[in-house]
Amino acid sequence: MDSFAAAETWTDAAGGAGADGRNLSAALAAGAAAEALGTEWLQLLVQAGNLSSSLPSSVPGLPTTSPAPSQPRANLTNQFVQPSWRIALWSLAYGVVVAVAVFGNLIVIWIILAHKRMRTVTNYFLVNLAFSDASMAAFNTLVNFIYALHSEWYFGANYCRFQNFFPITAVFASIYSMTAIAVDRYMAIIDPLKPRLSATATKIVIGSIWILAFLLALPQCLYSKTKVMPGRTLCYVQWPEGPKQHFIYHIIVIILVYCFPLLIMGITYTIVGITLWGGEIPGDTCDKYHEQLKAKRKVVKMMIIVVVTFAICWLPYHIYFILTAIYQQLNRWKYIQQVYLASFWLAMSSTMYNPIIYCCLNKRFRAGFKRAFRWCPFIQVSSYDELELKTTRFHPTRQSSLYTVTRMESMTVVFDPSDADNTRSSRKKRATPGDPNFNGCSRRNSKSASTTSSFISSPYTSMEEYS
């Protein structure tokens, strides 16, 4: 996560110095500085300082320094210098990511916090996810892209520390917010009789996620440095024990912010999916049961798509880092710069997809986006959209520490005392939770001429949580 462009800049300096035979000391100095960087580009940097004057600088991405006047014209060619049209296309691509991610996630935050109906446990974690994604897009994506294009750090020493520190923090907060949602869905569906997280407990979990994220990213902040070179300023991370320590740290980061949480979410959503889509529950089912089951499926389906999107977007970036660290000759490949820009763009684009997914798969978020863009002549907000965020479809009542949705049916019973024995023997046994025919809808027959069907959703939970 630390500065890719800084390593490339050192490569550029080393290659330019090596190309000028009169400045061997500068080449050695550049190579030593590159070694201090401790990035995955270390071997390339050392090699660049010892290249012959006939080999151009193998920098995967940035404009190079001007060669010495005495350098032969044939040596000026650099395969990594991009044409203007390509820079314009990359700028447009990164600009779209920043715009959609920032404004889309801010609207998601507004939809949840401004409407009481949307303030559920799951949605509080979605607020945290949206905040971390919007922050990543606003404070990291564009700055890193500018640095990669210009090979110069314009933003000062303090922002250099922030730039190397915050991306890991934001990604950690994002993926563990998704993990918390997965665990919450698991508890609500697999063990619904246990109390759900309260608003206070949810805030504590969110705070704990950010504290752990800060601790994981702290070394990046402590070891960040800026260095003023002739004509440019660099931002990089200098690890005390060199590149090996850097590589180990990033492997740990990949495990903690990618492999481990995806494993947890894969297990939980697999179990939840088998439960929700495994087959029809035997016995008669009431309408409310079917409706709540359908709502639960929609929420789980949406979150699975969010997780899969995140995994796909970040996988090429992690593969790129590991391969270029192990097989350093890849850094000389003609198209390595484009591969990096594409993998980094795909990773950063993960911040913009979630608002689109929410809008497409959840009618309340869709109604909220319509309200946010009601000023647009192509967007029409219906009365249904207005009511969707303001009213509740069900009015749960608190009974024995449980929220229930109850449907009452009345019937008339003619009772003949002479048939009492036959009535007792033919009376249907009431289904219980241990009965395989029990499906959440209980039916009670009695002499009092009333039949009650009730569905117990989960403790402290209403249908609002799943709609």
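The backbone N, Cα and C atoms fix where each Cβ goes, and this holds for glycine too.
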- Does Swiss-Prot give TRP153 and TYR335 the same topological domain, putting them on the same side of the membrane? yes
- Query: Which cysteine out of CYS221, CYS235 is the one Swiss-Prot pairs with CYS160 in a disulfide?
  - Reply: CYS235
- Under a three-state DSSP reduction, the secondary structure at CYS160 (disulfide bond) is helix
- If you count the C-beta atoms lying within 10 Å of each candidate's C-beta, which of the recorded positions CYS160, CYS235, CYS376 ends up with the smallest number? CYS376
- Alpha-carbon spacing, CYS376 (S-palmitoyl cysteine) to CYS160 (disulfide bond), which is rounded to whole Å: 39
- Item | Other parts of the chain folded back onto the transmembrane segment (302-323), taken as Cβ under 8 Å at six or more residues beyond its ends | 40, 171, 174-175, 178, 181-182, 185, 250, 254, 258, 262, 265, 269, 273, 330, 339-340, 342-344, 346-347, 349-350, 353-354, 357-358, 361-362
- Note on the structure: Restricted to the topological domain 'Cytoplasmic' (273-301), the mean pLDDT of the model is 74
- Item | Residue distribution over DSSP helix, strand and coil in the topological domain 'Cytoplasmic' (110-119) | 7 helix, 0 strand, 3 coil
- How do the residues of the topological domain 'Cytoplasmic' (184-203) split into helix, strand and coil according to DSSP? 12 helix, 0 strand, 8 coil
